[in-house]
């Protein structure tokens, strides 16, 4: 074994033994520094004969390379150890709770209103609104409910001492139907009485002087109105079926229309939806004729009464269509399973956190309107 | 309306089952609301005979009976009824039977040491009447029926059908009308009325009408020499099935004719009248005590039936207490009149008086049924009470003219959406009493006041044909993807709501009406209900905050520690309703934590942060908003502000609520709140989807910090505005990043540090440029008394 091999092995041993960066640097300087032992050996090559150089050159260069590689490897190892040691001191107890970032929520009534808007937009309906403090004309008379009409007694109306320009007391709308009147009158005015197709829904707050387990003096209703040429009850039936199936996201929902009476529609129908029982809870859809199944009333509807169309300044011989009205709170209860209407208006955070919706639960047709 | 099945079958000849009948009722618009069989509760009770009756060994007032109910062995029964005796036939409930009138189930028991099995029952125990003085004693012939179910023996197995009558169908406010509808719907045949006229002799009574507007027709006759008393069982049973309490034969007859035919009548005791009867308008202030023993003050729009002494009947609504029939009545005057529906409705509304008669008259009774009505009533009086009837006096004329409608059977498909053959349509209409001529001119029967136009005829046809027959027909639909329909305001509201929820607020819905007390700190409400459901729900809210304050307090009472609520709704001001978002923050802003220590309270800055977030989402130009004071007296005067687009264009108000307000409304611990006035936000008009071209600045922006010493009451934003104004081209942003108040600065001073962003456009800024800029910033700030901090 030549000297050079011994020198190399000595340094490699020292590199391996270097405990930290400083020790390693000392080895580097001793071996490869300007006056390092291997550096000096390299310089001796110049004075050698070509034959000697041919035999010693590779040996010395090999030794230099081996030591340099070892130093680099050792340097990485030392740095890595140092980092690991440092990291070891930085351990966090990640079982501790992070800073609170409170989640907010959207009320089920708003969520359902957005769902309705989405479904009906696909059918070409826009959303219309109107005042809640209404006058007698829009809430009753224009809807074919004159002041002596017995149907008025069914409305439990809230009145104000203030009167309108006809001297009738102002009132809180008892249904969203006045929005029908306002929409049709706007169209009649805009078109000079010629009319144009109307496809709207009108969700909003409504009021009746009624308060018990299933009635609150304020509640939410959605009105639907279609006015066009050649619209008939078959279209009404299809629209309601399509809406209910889209809303509850089930295809096995059956509707049952029953003749009924509303002064502002002729013919009129109340609409029942079939339910079944799944896991002990009533679910809209399924076999309504099964033992546990049945029908529940969900909305009132009919073909808009010609007097109503006429009252709005449109020609009932040209324009006809249908209207329906449905409780939004009830739709929410049937879809999402709340059992107490009064809780909707209490603001109980526990209820809100249970039944509320994430801000990002925006109903979409592609994702399904239910959240 | 309730009626028994047997009653219905008195008018309808049918083989249909009960289920077929009830389903058909709902199908044709007479919605089934309830179905009860009074026999169900009575089925276990049996006709039984007392075969032995002897004294109880240990009690004077009790007897020991042996009762045969058809079982193999007679039952030993201890009985306390004084009328119990040997050979008596009564109603027995064996052990295990539920006693409906006493709400308990019979068990074998020892009574005074003697075993007793089952019970002989009183009428009250079976809910058959009020009698509880003794047990039911059946006719002796009942001995043949021992062992039979009492429900069968007494013909109690008669289901009671309860249907909802919509306000247009007065014709179905009598059992016969229901039968007519069912017959038309193919469920049997309407049995013709017994048209025999009662025997009459002698002149009719003096009845007149002086009010052809309110009472166009007033028919009357008398029956004299009668004996009033209890009405027969069959009539009592029918009245009970309808929920009417039998009173005496004369009263029962009027009720029965009303329920049977929808024809209200009134019967006067002639001995209590002073001369003839006249239908006239009441005199203003005229008083009458009605049958309900309440006194009504009438006015000249109301029709009364009066004699020489005064009014005895609020025409068509309720009779007077003084002249009604009693047990002792021997001569009656039967009134069968036609009252104008609109007048009845107004009178009833004014007097706040409802009655079965009003319900029928205001919906319009059959004007052609006066003669039938008075004959039917007279015949019943003669049959049940005897006596002799006078001729009928007919004052005035009922409005019997019939409406005629030009009908086109094709309309059934065009409006009803279902194709029904012409023959079938004609058949349906005729079965309902319409007459149809060869040109499809349709005459409406007098009892169908609700049918006006061809649309009503379509309804008649399709309701009888069945709405199930209407095929679903898709709406005409535009080709392609549905077009957007939401208005900019609707989109802004939706985004604002979602942004509020995303920022950690929980949406709630509170009442639109609040109490006067709650409204007061918010300027009071303009709209105060005349008939509130309670004082707490009376005034239309002028602000969303009172409802949110109340909701916050309810949550605090339930132990919620951090309350963050918002509501999207309307404020109701004098001229109009304003869409608004209200929010309230109460309790702990940040909960106590291992990182930050004690919990922090919400402050006005939290409210401001939410407001800005929501305004941004709603599309408000947040960068252009100006801070103003004057948030309103309900806020803390020093910790509240408004955000405006101009002196009068207020987009939002926020701050800490005034302690007096939270105290008055019962919210402990204070709260911060805000209102965002959605209708004040300028509507963003959509003009295509193109954004401005993207042109990033070629040069790097530079940031420079300036610290100023200013007066302590200088608003930070004033300084920021001054700084920005120093070079509007170069300075693109300025933001306060430090606030320091300390004695070292001198009394009444504070230090504000501002981070100014400079965006060079043409060349990199030189030292000279920066020096010039600094001078400009310092000069601009110095106008507010700000000094650059050394």
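For all residues, glycine too, the Cβ spot is worked out from N, Cα and C.
Automatic prediction, not curation, is the source of TrEMBL annotations.
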Same Mg(2+) site per TrEMBL - residue from B:450, B:468 joining B:456, B:459, B:460: B:450
Helix-strand-coil residue split for the domain 'B5' (B:400-472), DSSP-based: 31 helix, 8 strand, 34 coil
Under 8 Å by Cβ from residue B:456 (Mg(2+) binding site), same chain, sequence gap 6 or more: B:405, B:450
Residues that sit under 8 angstroms from residue B:459 (Mg(2+) binding site) by C-beta distance, when 6+ apart in the chain: B:416
Residue, out of the binding-site residues B:450, B:460, whose Cβ gathers the largest set of other Cβ atoms within 10 Å: B:460
Segment-level pLDDT (mean, integer) for the domain 'TRNA-binding' (B:39-151): 88
